[in-house]
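Visitor: Copied straight from TrEMBL:
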BINDING   CYS17, CYS20, CYS32, CYS36  Zn(2+) binding site
REGION    48-67  region 'Disordered'
Amino acid sequence: MPEKEVSSVKKVSKQMCPVCRGENDEKYKPFCSKRCADVDLNRWLDGGYRIPTEESPVGSSDDDEIM
């Protein structure tokens, strides 16, 4: 019985830029350009990716009561 030939070729799906959904560029991966990389960095620095909590910020009046 002839054996089935196994192909070692994998399908490569193109990843999209998380900012503009364009095709990513190897140089700026996972982004498509320096502009999109900078937009994402700015979102991080502005706290756009923070996880909301019910805790009060450090240095608030609640911290004074603990000490």
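Numbering starts at 1 and runs along the chain as displayed.
From the backbone N, Cα and C atoms, a Cβ is placed for every residue, glycine too.
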Visitor: Looking at Cβ-Cβ distances, which residues of the chain lie under 8 angstroms from CYS20 (Zn(2+) binding site) while being 6 or more apart from it?
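Guide: Expected: CYS32, CYS36.
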Visitor: Quick check: which same-chain residues outside CYS17, CYS20, CYS32, CYS36 lie with their CB within 8 A of the centre of the Zn(2+) site CB atoms?
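Guide: Filtered neighbour residues, in order: MET16, PRO18, VAL19, ARG21, GLY22, ASN24, PHE31, SER33, ARG35.
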Visitor: Far apart in sequence but close in space: which same-chain residues, 6 or more away, have a Cβ under 8 Å from CYS17 (Zn(2+) binding site)?
Guide: GLU23, ASN24, PRO30, PHE31, CYS32, SER33, CYS36
